[in-house]
Amino acid sequence: MKKKIFEGSGVAIITPFNDNGINYDKFEELIEWHIAEGTDAIIVCGTTGESATLPIEEHKSLIKFCVDKVNHRIPVIAGAGSNDTRHAINTSQFAESVGVDGLLSVVPYYNKTTQKGLYAHFEAIAKSVSTPVILYNVPGRTNLDMSPSIVKELSYIDNIVGIKECNFNHVGEIRNLCGPDFAIYSGEDANVLPLLAMGGQGVISVMANIIPKDTHELCARFMAGDIEGARLLQLKVLDLVKALFIETSPSPVKKAMNLMGMEVGGCRLPLVPMELKNQSFLIDVLKAYGLL
């Protein structure tokens, strides 16, 4: 039986910046806030954490900092993927050495490998570590969609324990092919409840950066059998989710956090500040939700 790293709400935590680089004091504040608000796991150096624009020294430093500050209170999962298998192995082995609870490994982008190549890539990563690995299928960013049949083959590897799936059309097939021990996490905040209803374990969430309690509660209500309560929360967040993805994430969620007084800084290039018309929409939605 595969051990699930977490169930419920995992925050794909942003990386706060200041003029000197990573704002570690602010990052520690965010960690403590998430734990207090009921977040079930922290995913550091993921897409929302701008891993693509973190030099490897910063990437590794942030992972270690997060592990040290969380100190086993909730699981820490490190984004350790790459389109370069050797680089992904190096980062994964480092993350394991500092004590992460899990690894999030994205489908390799740009190289345009085959499904067979995806198997070889993830097999090599998983065999290089003993830490549990969560696959990450996000075709909207990688331009490559990992098939459920390959996920099934990968699920036979002992420490590949689940997937963050951003193609909801795959969820039912993955559940049927991989069985109940294989964890499935939503990569889309608008589809948390549907994924849970299909046998999923939770969400790796962008919206949890600003509504951690509601994101946790959405999952917790479903798992406690309160389907109507979960449904009402899922419907409540839909406008907020739309606003958080009106431009490329994490630009909108960082703007929202700054508007809410969190002072997390902006995004690194090539991401740029939001257009004014989109900022206006975001502000209206935040006010309607009661966040401003």
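Easy rule for this one: first residue shown is 1, then count along the chain.
Just so you know, glycine gets a Cβ as well, placed from its N, Cα and C.
Here TrEMBL flags TYR136 as active site, proton donor/acceptor. The C-beta environment of TYR136 (active site, proton donor/acceptor), restricted to residues of the same chain at least 6 apart in sequence and closer than 8 Å, consists of GLY81, LEU104, SER105, VAL106, VAL107, ILE163, LYS164, GLY187.
As annotated by TrEMBL, active site, schiff-base intermediate with substrate applies to LYS164. DSSP assigns LYS164 (active site, schiff-base intermediate with substrate) to a strand segment in the three-state reduction.
In the three-state DSSP assignment, the secondary structure recorded for THR48 (pyruvate binding site) is coil. Among the features that TrEMBL reports, pyruvate binding site is placed at THR48, ILE204.
Among the features that TrEMBL reports, site 'Part of a proton relay during catalysis' is placed at THR47 (among others). Other Cβ atoms within 10 Å of the Cβ of THR47 (site 'Part of a proton relay during catalysis') number 23 in total over all chains.
Summarising the annotation, TrEMBL assigns site 'Part of a proton relay during catalysis' to TYR110 (among others). Over all protein chains present, the Cβ of TYR110 (site 'Part of a proton relay during catalysis') has 10 other Cβ atoms lying within 10 Å.
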Quick note, THR47 (site 'Part of a proton relay during catalysis') and ILE204 (pyruvate binding site): C-alpha atoms separated, nearest Å, by 11
